[in-house]
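Undergrad: The following block contains the structure, expressed as C-alpha coordinates.
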Amino acid sequence: MQKTSMLFWILGIALTLLGVYESFFPSTPALLFIRLFGLAALLFTCVSLMIGPLTVLFPNRFAALIEPRRAVGLSAFVFMLAHFALVLVHVYVYAIELAFASLDTTLGTIGFVVFALVAFVSSDYAVKKLGSSWWKRIQQLTYVAFVIIVGHFFLSQKGPFIPLGNGQTFIHLAELFLWVLVLATILLQVLGFLAKRKRMQPPPAHLPPQ
(Lines of atoms letter the chains of each structure in order from A and count residues from 1; the text may use other names and numbers.)
(Lines give C-alpha, C1' and ligand atoms only; values in the text may rest on other atoms or scores of the structure.)
Protein backbone atom coordinates (compact mmCIF):
# COMPACT_ATOMS: atom_id res chain seq x y z
CA MET A 1 0.00 0.00 0.00
CA GLN A 2 1.31 3.45 -0.93
CA LYS A 3 2.11 5.78 1.95
CA THR A 4 -0.38 8.37 0.66
CA SER A 5 -3.20 5.83 0.68
CA MET A 6 -2.14 4.61 4.11
CA LEU A 7 -2.26 8.18 5.45
CA PHE A 8 -5.86 8.67 4.38
CA TRP A 9 -6.81 5.20 5.62
CA ILE A 10 -5.42 6.08 9.05
CA LEU A 11 -7.21 9.44 9.06
CA GLY A 12 -10.46 7.82 7.98
CA ILE A 13 -10.23 5.18 10.70
CA ALA A 14 -9.34 7.81 13.33
CA LEU A 15 -12.30 9.96 12.26
CA THR A 16 -14.64 6.97 12.40
CA LEU A 17 -13.45 6.00 15.88
CA LEU A 18 -13.93 9.58 17.08
CA GLY A 19 -17.49 9.56 15.78
CA VAL A 20 -18.32 6.20 17.35
CA TYR A 21 -16.77 7.19 20.69
CA GLU A 22 -18.58 10.55 20.84
CA SER A 23 -21.91 8.89 20.00
CA PHE A 24 -21.91 7.12 23.38
CA PHE A 25 -22.30 10.43 25.23
CA PRO A 26 -25.81 11.89 25.70
CA SER A 27 -26.24 14.80 23.33
CA THR A 28 -28.43 16.22 20.61
CA PRO A 29 -27.49 15.37 17.01
CA ALA A 30 -26.49 18.99 16.36
CA LEU A 31 -24.17 19.17 19.37
CA LEU A 32 -22.71 15.76 18.52
CA PHE A 33 -21.75 16.92 15.04
CA ILE A 34 -20.47 20.25 16.36
CA ARG A 35 -18.11 18.45 18.69
CA LEU A 36 -17.12 15.80 16.15
CA PHE A 37 -16.29 18.36 13.46
CA GLY A 38 -14.26 20.38 15.97
CA LEU A 39 -12.26 17.35 17.06
CA ALA A 40 -11.76 16.30 13.44
CA ALA A 41 -10.51 19.78 12.53
CA LEU A 42 -7.87 19.61 15.26
CA LEU A 43 -6.92 16.06 14.27
CA PHE A 44 -6.36 16.94 10.60
CA THR A 45 -4.57 20.18 11.49
CA CYS A 46 -2.10 18.32 13.70
CA VAL A 47 -1.42 15.71 11.04
CA SER A 48 -0.87 18.34 8.35
CA LEU A 49 1.63 20.14 10.60
CA MET A 50 3.42 16.90 11.52
CA ILE A 51 4.17 15.96 7.92
CA GLY A 52 6.66 18.78 7.33
CA PRO A 53 9.04 18.04 10.21
CA LEU A 54 8.71 14.29 9.63
CA THR A 55 10.01 14.75 6.07
CA VAL A 56 12.92 16.77 7.45
CA LEU A 57 13.81 14.23 10.12
CA PHE A 58 13.08 11.08 8.10
CA PRO A 59 13.11 12.08 4.41
CA ASN A 60 13.31 8.54 3.03
CA ARG A 61 10.21 7.43 4.92
CA PHE A 62 7.92 10.46 4.76
CA ALA A 63 8.91 12.48 1.68
CA ALA A 64 5.97 10.99 -0.24
CA LEU A 65 3.53 12.64 2.19
CA ILE A 66 4.47 16.18 1.16
CA GLU A 67 2.12 16.07 -1.83
CA PRO A 68 -1.07 15.12 0.10
CA ARG A 69 -0.26 17.52 2.94
CA ARG A 70 -2.26 20.30 1.27
CA ALA A 71 -5.31 18.03 0.97
CA VAL A 72 -5.07 17.16 4.67
CA GLY A 73 -4.84 20.84 5.61
CA LEU A 74 -7.79 21.78 3.41
CA SER A 75 -9.80 18.93 4.91
CA ALA A 76 -9.07 20.39 8.33
CA PHE A 77 -10.51 23.72 7.17
CA VAL A 78 -13.64 22.01 5.79
CA PHE A 79 -14.24 20.49 9.23
CA MET A 80 -13.67 23.92 10.82
CA LEU A 81 -16.17 25.47 8.42
CA ALA A 82 -18.78 22.82 9.26
CA HIS A 83 -18.07 23.25 12.99
CA PHE A 84 -18.42 27.04 12.80
CA ALA A 85 -21.56 26.89 10.64
CA LEU A 86 -23.33 24.49 13.01
CA VAL A 87 -22.36 26.58 16.04
CA LEU A 88 -23.66 29.71 14.31
CA VAL A 89 -27.00 28.07 13.52
CA HIS A 90 -27.68 25.83 16.53
CA VAL A 91 -25.83 27.58 19.38
CA TYR A 92 -25.71 31.27 18.45
CA VAL A 93 -29.01 31.07 16.50
CA TYR A 94 -27.48 33.46 13.91
CA ALA A 95 -26.45 35.99 16.59
CA ILE A 96 -22.92 36.40 15.23
CA GLU A 97 -21.95 38.76 18.07
CA LEU A 98 -21.98 35.73 20.39
CA ALA A 99 -18.87 34.53 18.57
CA PHE A 100 -16.99 37.14 20.63
CA ALA A 101 -18.91 36.71 23.90
CA SER A 102 -16.12 34.86 25.72
CA LEU A 103 -12.42 34.19 25.34
CA ASP A 104 -12.79 30.64 24.04
CA THR A 105 -15.36 31.62 21.38
CA THR A 106 -13.26 34.64 20.40
CA LEU A 107 -10.20 32.44 19.94
CA GLY A 108 -12.23 29.96 17.92
CA THR A 109 -13.56 32.69 15.64
CA ILE A 110 -10.14 34.28 15.11
CA GLY A 111 -8.57 30.89 14.43
CA PHE A 112 -11.27 30.10 11.89
CA VAL A 113 -10.74 33.42 10.07
CA VAL A 114 -6.97 32.91 9.91
CA PHE A 115 -7.37 29.37 8.62
CA ALA A 116 -9.88 30.61 6.05
CA LEU A 117 -7.27 33.04 4.72
CA VAL A 118 -4.65 30.29 4.53
CA ALA A 119 -7.07 27.90 2.82
CA PHE A 120 -8.13 30.58 0.33
CA VAL A 121 -4.58 30.91 -1.01
CA SER A 122 -3.71 27.20 -0.85
CA SER A 123 -3.50 26.69 -4.59
CA ASP A 124 -0.93 26.85 -7.38
CA TYR A 125 -2.88 29.77 -8.86
CA ALA A 126 -2.40 31.75 -5.63
CA VAL A 127 1.34 31.04 -5.71
CA LYS A 128 1.57 32.53 -9.20
CA LYS A 129 -0.49 35.60 -8.30
CA LEU A 130 1.08 36.35 -4.92
CA GLY A 131 4.62 35.20 -5.62
CA SER A 132 6.33 32.50 -3.61
CA SER A 133 7.62 34.93 -0.96
CA TRP A 134 4.21 36.39 -0.01
CA TRP A 135 2.53 33.02 -0.42
CA LYS A 136 4.92 31.42 2.10
CA ARG A 137 4.34 34.26 4.55
CA ILE A 138 0.59 33.73 4.44
CA GLN A 139 0.99 29.97 4.77
CA GLN A 140 3.12 30.48 7.89
CA LEU A 141 0.02 31.94 9.56
CA THR A 142 -1.01 28.30 9.95
CA TYR A 143 1.27 28.08 12.97
CA VAL A 144 -0.36 31.13 14.54
CA ALA A 145 -3.81 29.70 13.87
CA PHE A 146 -2.73 26.37 15.36
CA VAL A 147 -1.80 28.03 18.65
CA ILE A 148 -5.11 29.91 18.64
CA ILE A 149 -7.30 26.85 18.06
CA VAL A 150 -5.37 24.86 20.68
CA GLY A 151 -6.22 27.67 23.09
CA HIS A 152 -9.85 27.45 21.99
CA PHE A 153 -9.81 23.68 22.51
CA PHE A 154 -8.27 24.05 25.97
CA LEU A 155 -10.79 26.64 27.15
CA SER A 156 -13.91 25.11 25.62
CA GLN A 157 -13.46 21.54 26.92
CA LYS A 158 -13.45 20.05 30.40
CA GLY A 159 -10.17 18.26 29.79
CA PRO A 160 -9.31 14.58 29.39
CA PHE A 161 -9.50 13.89 33.13
CA ILE A 162 -12.94 14.65 34.58
CA PRO A 163 -13.61 14.20 38.35
CA LEU A 164 -16.86 12.35 38.96
CA GLY A 165 -17.30 13.53 42.56
CA ASN A 166 -17.11 10.06 44.12
CA GLY A 167 -13.34 9.83 44.23
CA GLN A 168 -13.19 8.49 40.69
CA THR A 169 -11.96 10.16 37.52
CA PHE A 170 -13.37 9.68 34.04
CA ILE A 171 -10.76 9.63 31.29
CA HIS A 172 -12.08 11.10 28.05
CA LEU A 173 -10.10 9.06 25.54
CA ALA A 174 -10.84 11.29 22.53
CA GLU A 175 -9.56 14.41 24.25
CA LEU A 176 -6.58 12.56 25.71
CA PHE A 177 -5.66 11.30 22.23
CA LEU A 178 -5.88 14.79 20.76
CA TRP A 179 -3.78 16.32 23.53
CA VAL A 180 -1.10 13.69 22.90
CA LEU A 181 -1.31 14.58 19.20
CA VAL A 182 -1.00 18.31 19.96
CA LEU A 183 2.09 17.73 22.10
CA ALA A 184 3.59 15.45 19.43
CA THR A 185 2.97 18.16 16.82
CA ILE A 186 4.74 20.79 18.92
CA LEU A 187 7.66 18.44 19.64
CA LEU A 188 8.08 17.56 15.96
CA GLN A 189 7.99 21.24 15.00
CA VAL A 190 10.81 21.96 17.45
CA LEU A 191 12.88 18.97 16.31
CA GLY A 192 12.30 19.81 12.64
CA PHE A 193 13.35 23.42 13.20
CA LEU A 194 16.54 22.34 14.98
CA ALA A 195 17.35 19.82 12.23
CA LYS A 196 16.88 22.47 9.52
CA ARG A 197 19.02 24.92 11.43
CA LYS A 198 21.78 22.34 11.85
CA ARG A 199 21.80 21.55 8.12
CA MET A 200 22.03 25.24 7.22
CA GLN A 201 25.16 25.75 9.29
CA PRO A 202 28.37 25.76 7.23
CA PRO A 203 30.70 22.81 7.79
CA PRO A 204 33.63 23.50 10.12
CA ALA A 205 36.73 24.75 8.38
CA HIS A 206 39.61 22.30 8.33
CA LEU A 207 42.84 23.62 9.73
CA PRO A 208 45.86 23.29 7.46
CA PRO A 209 48.31 20.61 8.50
CA GLN A 210 51.20 21.80 10.64
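Yeah, the Cβs are placed from backbone N, Cα and C, and that goes for glycine too.
TrEMBL: automatically predicted annotations, no manual curation.
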Undergrad: Could you tell me which of the ranges 138-156, 157-175 is annotated in TrEMBL as transmembrane segment?
TA: 138-156
Undergrad: Where among 32-59, 71-95, 107-126, 176-195 do we find the most Cβ pairs under 8 Å to the transmembrane segment (138-156)?
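TA: The stretch with the most close Cβ contacts to the transmembrane segment (138-156) is 107-126.
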Undergrad: Counting Cβ pairs under 8 Å that are 6 or more apart in sequence, does the total for the transmembrane segment (32-59) and the transmembrane segment (107-126) reach three or more?
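TA: They are not in contact.
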